[in-house]
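Undergrad: Below is a structure I'd like to ask you about.
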Amino acid sequence: MTDAAIAEKDLGNAAYKQKDFEKAHVHYDKAIELDPSNITFYNNKAAVYFEEKKFAECVQFCEKAVEVGRETRADYKLIAKAMSRAGNAFQKQNDLSLAVQWFHRSLSEFRDPELVKKVKELEKQLKAAERLAYINPELAQEEKNKGNEYFKKGDYPTAMRHYNEAVKRDPENAILYSNRAACLTKLMEFQRALDDCDTCIRLDSKFIKGYIRKAACLVAMREWSKAQRAYEDALQVDPSNEEAREGVRNCLRSNDEDPEKAKERSLADPEVQEILRDPGMRMILEQMSNDPGAVREHLKNPEIFQKLMKLRDAGVIQMR
């Protein structure tokens, strides 16, 4: 780096600080002419273009800075700086994909913690934008119809592929989650089916099939009490729904058929086992056995209430 080149760079920096960008360009150009092997001069000129919102020119000089930096084995931080600025230029142009590419290149040279955070946030934005761009209710309907055809044929794996695609195309459509839940139940993937039923209900609390399919899934899992509640929720939507009314009756019969067997199955539930291992809950249960009236105080605590309801449904305790 010659003294004359440094002097021109300093003059360029002074002009840059005063936002006299035209003058800054003149001095940086002279510095480059005097010492074309210095990455800093190209980086500085790229910074001027960035401030001028001339982003294409900014990227061009960032690329030149990287090229010169590689040839001269410049400090990796300076190369990373050029790459990061190119990323910023693409971000300003709303080209997040290219921005992220340049930021990753920069991070491969120097792992700046702030840039790591920025990239994570941009990648979230990119994924959200991609999902939004993918949404197409008409194509979702086509995929749903195809899924229904394969479902009727009993080809549930193929039906699932179409239902998955339908959900991606229209993720706010409650009916699609209901259909996929029915398919998952056939495939005996009960937890995923329940998740889809819950999503369906969240999206449209008046769509009765969401509750009925949730109940059907719970019946398949032999969770009679939970299934009964799901059918009862369906009846809140439509009190005259015969499928839900019949479902409640069947659940009551199933619960009455073999209580000891049902209790044994419920005791195998990891959630029930965890509650029974809890020293605090064991103390509460002991209090309840000695003084049944003690339960009233404990029911005021929402967390304990939920645990006691779980134990009641499992047949471990009786509450009236």
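In case you wondered, yes, glycine gets a Cβ from its N, Cα and C as well.
Source: prediction; values computed, not measured.
According to Swiss-Prot, the protein carries these features:
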COMPBIAS  242-269  compositional bias 'Basic and acidic residues'
DOMAIN    269-308  domain 'STI1'
REGION    241-269  region 'Disordered'
REPEAT    5-38  repeat 'TPR 1'
REPEAT    40-72  repeat 'TPR 2'
REPEAT    80-113  repeat 'TPR 3'
REPEAT    140-173  repeat 'TPR 4'
REPEAT    175-207  repeat 'TPR 5'
REPEAT    208-241  repeat 'TPR 6'
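What's the neighbourhood like for these features in this structure?
TA: Sorting each residue of the domain 'STI1' (269-308) by its DSSP state yields 34 helix, 0 strand, 6 coil.
Tertiary neighbourhood of the repeat 'TPR 1' (5-38): same-chain residues 44-45, 47-48, 51-52, 68, 71-72, selected by CB-CB distance under 8 Å and a gap of 6+ residues from either end.
The repeat 'TPR 2' (40-72) scores a mean pLDDT of 97 in the predicted structure.
Across the repeat 'TPR 3' (80-113), DSSP helix (H, G, I), strand (E, B) and coil residues number 28 helix, 0 strand, 6 coil.
For the repeat 'TPR 4' (140-173), residue counts in helix, strand and coil come to 28 helix, 0 strand, 6 coil, using DSSP.
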Undergrad: According to DSSP, how is the repeat 'TPR 1' (5-38) divided among helix, strand and coil residues?
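TA: Residue counts for the repeat 'TPR 1' (5-38) by secondary structure: 27 helix, 0 strand, 7 coil.
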